[in-house]
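Novice: Please see the structure below; I have some questions.
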Amino acid sequence: MVNHVPEAPASKSGDWAFLGAESGSVADRLYLSAAEEWNRAINSRFVNELLDDTLPDNVLVSYLIQDFKFFNQGIMDHAIALAPREETKEMLRKQSKFFADEEAPYFTDFLKVYHVTDEQYEHAPQTPANKEYCDYLAEVVNGTWEELITALCCMEWLYLAWAKRTVDAGVVQQVPAHKGWVDLHEGELFRAWTGRLIALVNEYASVDGPEAEVFRRIVHLERRFFEDAYDLA
Ligand SMILES: Cc1ncc(CO)c(N)n1
């Protein structure tokens, strides 16, 4: 295969020091505590096929319909409300606007190019993992800032981690929808955003607090979210 992207190696302490998760930091320790399932998620069949351009269209469509439903949930608004400092609220507001400007158009264009009708979108049932994930986030947004920032950090970081595989391998996807999905989750801006979330986790979260369970639960749900794309495709 010409454009094969190798799997990510096992997680090691300090892997993400360049984004602020130095060895022994809270973020690094949370990352290591979920290492096994994190690795399975970022090396999942869905990610492998997306990066190698071998993903069947119906699986991509099924996944993105689920993700669009997931994305429309307002987690950022809750984070803005709970953020303890005005500068953090402002940072989150800017990122929220970025999502509205960049990520939402990706979805809308995608649905058009792949001929997904509004009806098909509306009627697609949520997959079990997506439902469980959304239910869980509905709980988390009513919890503490520490838990919410840990959840947000984990989900964005895990996305950067799978997308980074292709950047590390120097492979560029030839299918525009695949490349577009990578570009939304890897690059200077997404790295900076993830780095800001890692800094907040280091500042506010604790490895012995309830945040540790939140981190592992999100990794688990992310792995299952990828798998479910095949079941309902
Ligand atoms: C399910 C899920 N988790 C994380 C991201 C990254 O923002 C996403 N788009 N979807």
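Yeah, the Cβs are placed from backbone N, Cα and C, and that goes for glycine too.
Here the structure is a predicted model, which means the values were calculated and not measured.
Sharing the record's features from TrEMBL:
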type	residues	note
ACT_SITE	Glu222	active site, proton donor
BINDING	Asp67, Glu103, Glu156	substrate binding site
DOMAIN	36-230	domain 'Thiaminase-2/PQQC'
Novice: Once the DSSP letters are reduced so that anything not helix or strand counts as coil, what is Asp67 (substrate binding site)?
Specialist: helix
Novice: Find the longest CA to CA distance in the recorded substrate-binding set Asp67, Glu103, Glu156; express it in Å as a whole number.
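Specialist: Maximum Cα-Cα distance: 13 Å.
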Novice: Give the distance between the Cα atoms of Glu156 (substrate binding site) and Glu222 (active site, proton donor), rounded to the nearest whole Å.
Specialist: 10
Novice: If you draw a 10 Å sphere around the Cβ of Asp67 (substrate binding site), how many other Cβ atoms fall inside it, taking every protein chain shown into account?
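Specialist: 17, counting other Cβ atoms within 10 Å of Asp67 (substrate binding site).
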Novice: Could you tell me the mean pLDDT the prediction assigns to the domain 'Thiaminase-2/PQQC' (36-230)?
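Specialist: Mean per-residue confidence for the domain 'Thiaminase-2/PQQC' (36-230): 95 out of 100.
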Novice: What are the sequence-distant neighbours of the residue listed as 'active site, proton donor', meaning same chain, six or more residues apart, C-beta distance under 8 angstroms?
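Specialist: Expected: Ala41, Tyr133, Cys154, Met155, Leu158.
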Novice: Applying a 10 Å Cβ distance cut-off over all chains shown, what neighbour count does Glu156 (substrate binding site) have?
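Specialist: Total other Cβ atoms inside 10 Å, all chains included: 18.
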Novice: Which are the residues of the chain, Asp67, Glu103, Glu156 excluded, whose CB is within 8 A of where the CB atoms of the substrate site average out, their centroid?
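Specialist: Once Asp67, Glu103, Glu156 are set aside, the remaining close residues are Phe71, Phe99, Tyr159, Leu184, His185.
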